[in-house]
């Protein structure tokens, strides 16, 4: 439903910005699908003009050559126009040579079919005043010619496209939404005054133009009333009414029809106006249609009806499909002077069935289907009478012709403040509760008993409120869920607070979040493709569920990485720029005919550097993910120096030469890190290069006793560094070479100082090296905690290291 900000401010003293109203609508339960600003920006050379003559274009039958006076002292402009909804004397909007309209259209003097057109007469859509483009905009308020259009329409409007839930048909109206916003902002609501409410109810209906109304289908039409209004002048609506109608996307028709549409959107009650002269027998009959009865509706379509459809008819023909759309046989035209105004209360089920059967949904049927407040039937009609007389003249012939009886609505809900607080879970000022109820038009009775119990009378427009819990929801909706105080949730825990497994899960989650990863939670089930790719062997029989819900969740998952790849693909599809994901959860493995549940940590990174920005993140590689694994093991008290990565073998899910593994299942832990195989990524629909890590732990490993870390003070003396570059076989891993070099270095130095670290800083392949070899460059740091080392000591130790590493391993020193 479209709601105009200008309409809202007619009934509510809103001083806030449109953005605050949008947020408020969302907070009280009405989703805002879109916000559109309409209105005229500052325009130059767009002025008010008056049509002073009209002649047919000499070379085109459908074009008119008009003379439009812009200024009294100037000659009239000749303008060619294709519209036909205007006449001599009308005030129109003229865009002169050089003007630029809101859509970016630039107006220039041009020749059309051999005749020069000096300007353009504008439609409402061309001025961003609405969607009407079938004719030019007629200024009924007749401003002075030459006036800037910005003086005629000084302010724009904001249109909210709001999704109204099915249980709130009362908010399919401006006043319904105003009532909600008034409660939220705690502002007084000013409803329109209805002067025709002082009609003499004791008088008899006039039979001058309508003799009576008869209902023959009381189960589908519960109540029907018809007012007679005579002496009306049918014509264009005034500027204020046309503007409001166009703001919500409707096309102005004439003053009476526009009033019925205005009241429909203002109050939520559909109305219909018949030309009294076209009512045969001066009698209205509400009945079911005859079999194969035909009616031409206002959209120009000939429709065949069935006895399931209800019609508004006279003594000779159907005049409307009840609650859906009128017929052209009784529509208003320029010759209409007397009008019969209909307002009724129909059964929603019949209107819904008819609308679906005829494939015809209208603003009226949309509201009747969901249920219209019965108390609006007469009030809305009298509001429309006031407006019709205001914009079209005439007078109302007394009280209406009435048939049927309005359904009674009398509902009270007993509730006390204690009940509300118990269900809210927090205390709130009791008077605040009753104040919010009153702001929602709920009538709150006096206290009953010692527990502040009240009887709350429910108005007829809130038939959705049936139980005390509904009132709790109403209070919280207006009070604001954002104002619920924070509180610790008391709940039993499966794991003890000091359980090492539980602590590890929390530490891992905090660690990854601190590194910029997004946490994922996926189902523990997967499809056969995942088992075959990430476990292999004959594991599928052990991992298969006995009674799966669906085929794609028929197996227990063997790894967390496939689910993370699915998350990555889905986020990319939705345009989310997410490069880091992790998950903590259970995976399942089949080992020696047994099924094991294992706690696993999975993570992945996309190898894609950021294209711009002053802070550019380096492109991740194997050492990035292995560094993350090293820091994770440190949480478990494991010295990573004691572990060496080995190449991953016999696992096609990892890229060979770009991945490594640690530990094995029998050790209680296992880790695999590196680049995910490109074939796997392609089968999962993921493009690019993805690095990942998968760590698995048995509970016994996580619950083992961890020795407290020992403290060793830093040496106050400086270190000395030496670099060594070794040529090794291509198959030799960096970890293996580093371990050998570290072991030899510690044996080669004397007891007074030590080799503090051995770190790799370069890998080289290519020209200058024998085939089948590569070069690793290491930095060796020497330090003593007793003194500053001399060059001779360091050089002597380094020479021994070089000699032993080259003689004892077969590695060559790279020159």
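Glycine too: its Cβ is placed from the backbone N, Cα and C atoms.
What TrEMBL says about this protein:
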- 464, 470, 473, 474: Mg(2+) binding site (BINDING)
- 40-150: domain 'TRNA-binding' (DOMAIN)
- 408-486: domain 'B5' (DOMAIN)
- 715-814: domain 'FDX-ACB' (DOMAIN)
Query - Among 464, 470, 474, the most crowded of the binding-site residues [Cβ within 10 Å] - result: 474
Requested in this report: Summarise the domain 'FDX-ACB' (715-814) by DSSP state, stating how many residues are helix, strand and coil.
Outcome: 34 helix, 34 strand, 32 coil
Query - Conformational class of residue 470 (Mg(2+) binding site) under the three-state DSSP mapping - result: helix
Report task. Calculate the per-residue pLDDT averaged over the domain 'FDX-ACB' (715-814) and state the result as an integer. Result -> 88
Query raised in the report: When a 10 Å sphere is centred on the Cβ of residue 473 (Mg(2+) binding site), how many other Cβ atoms does it contain?
Result: 13
Query raised in the report: Beyond 464, 470, 473, 474, what residues of that chain have CB atoms within 8 A of the centre of the Mg(2+) site's CB atoms?
Result: 462, 465, 469, 471, 472, 477
